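Q: The structure is given below, and queries will be raised subsequently.
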């Protein structure tokens, strides 16, 4: 009898790395997770040590094999999904990064982005890349590293340095020599022309980024290379699927049809709509991005990015010591007897879509002497839902497509209070994924399809099980009154800006 085969997904996130092993039916049979250090060298800066990320990935590969009892030889393929935009530049000869990885949340490159806007490049960059000019994307991060590491520009021009987002870094480490990225990750660099499906020479010239340091761009489902046997316990396993975390979640939620929308509540919150085979440029500051490329076709998406979602709950736990665990936030919020008069605007690193205000900072409104810890926790959860409404309303306006149901996943989707309030404030049904591992599952599906582990999308669709659905129950007047209060709070937050001295 043939040994059963499995697919491994490596999910390299903002605060931790995970490896999950799935069987033929898409069931999780083993996993491992490891956190790594966040570095905050200055206000608004966020960095990671790329070698610590690589170490954490090696650790979870081992951990998932140990927990599941699966042999390395039984892994048919590996799928990678990753925190997007985070930028690594490393030495081609030694494999050592020349600077910390600059994380997607980091605002240290804002002056470069501001200069591009001032010089009038916003429209050109939006039309070519689908993105708005912002420090969020990789382009300004690469420029910053080349500016701040002595001799880096010259070495990059000489072909001695390599650039990659985290997917690229991990494939390069695992295979020892393959320098690739996929359509979804490339589309988040602000260097990639989403119409021509190639790096854009005009933007590279504008930022003086040498093309020689960029990876080759490939589809989301094909064999990129084999693991070096010494990195995978003697086995050479095909790395066969790759997608940025939000696009992987779109695929894992099986949002294969145009108009389907998913929201992942992670560190940030990311609402993504499949718009089919034609890119749709937003008039309202949403991002046009590539969902995935598979079987010779490319599917585009519209995305709204919220920088702070789950991390606001972590802040309540770690910064303010209001919670022992993140999960406790649900019970604490439900115990609030206030009337929703408190608003928390968690603009810790500025505001994402649709405001794109990097100077805004967090604020709390509506406090009285009677405000309690419970009210504060509830308002923080509600802030996540309000931000999602900002984006869903914008999406409807941009596309003219009604959104009858919002598919949700990610850690905070476990929070019943948040999900019910989300349904209420949107006046839309919210459907929780039965399997909240949609990001890892998406990467596994992409890899499994490439190696013939699964035949086609139809076979995958058969695994879909619906989770709990939350229906809106709030009165229209209350909903609009609460949302108006949120809009006032955001406007007030944007008024209060202090330049970092």
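The backbone N, Cα and C atoms fix where each Cβ goes, glycine too.
Small disclaimer: the values here were computed from a predicted structure and weren't measured.
Pulled the feature table from Swiss-Prot, pasting it below:
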type: BINDING; residues: 14, 84, 85, 136, 245; note: sn-glycerol 3-phosphate binding site
type: BINDING; residues: 14, 15, 16, 267, 310, 314, 411; note: ATP binding site
type: BINDING; residues: 14, 18, 267, 310, 411, 415; note: ADP binding site
type: BINDING; residues: 84, 85, 136, 245, 246; note: glycerol binding site
type: MOD_RES; residues: 231; note: phosphohistidine
Q: In Å, rounded, how far does the Cα of residue 84 (sn-glycerol 3-phosphate binding site) sit from the Cα of residue 246 (glycerol binding site)?
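A: That comes out at 8 Å between the alpha carbons.
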Q: Just the number: how many Å between the Cα atoms of residue 245 (sn-glycerol 3-phosphate binding site) and residue 267 (ATP binding site)?
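A: Answer for this pair: 12 Å between alpha carbons.
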Q: Under a three-state reading of DSSP, tell me whether residue 16 (ATP binding site) is helix, strand or coil.
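A: The residue in question, residue 16 (ATP binding site), is strand (DSSP, three-state).
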Q: Other than 84, 85, 136, 245, 246 themselves, what residues in this chain have Cβ atoms within 8 Å of the centroid of the glycerol site's Cβ atoms?
A: 83, 86, 104, 188, 244, 270, 305
Q: Which residue among the binding-site residues 14, 15 has the fewest other Cβ atoms within 10 Å of its Cβ, if you could check?
A: 15
Q: Need the DSSP three-state call for residue 267 (ATP binding site) to compare against my parser.
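A: The residue in question, residue 267 (ATP binding site), is coil (DSSP, three-state).
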Q: At the Cα level, what's the spacing in Å between residue 411 (ATP binding site) and residue 85 (sn-glycerol 3-phosphate binding site), rounded?
A: 21
Q: Could you tell me the maximum Cα-Cα distance in Å between the residues recorded as binding ADP, namely 14, 18, 267, 310, 411, 415, rounded to a whole number?
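A: Farthest Cα pair among residues binding ADP: 21 Å.
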Q: Filter the recorded positions 231, 246, 267, 310, 314, 415 down to the ones within 10 angstroms of residue 14 (sn-glycerol 3-phosphate binding site), Cα to Cα, kept in sequence order.
A: 267
Q: Could you measure between residue 310 (ATP binding site) and the residue listed as 'phosphohistidine' for me? Cα positions, answer in whole angstrom.
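A: Computed Cα spacing between residue 310 (ATP binding site) and the residue listed as 'phosphohistidine' is 33 Å.
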Q: So which of the binding-site residues is most packed in, judged by how many other Cβ atoms lie within 10 Å of its Cβ, out of 16, 246, 267, 314, 415?
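A: Output for this query is 246.
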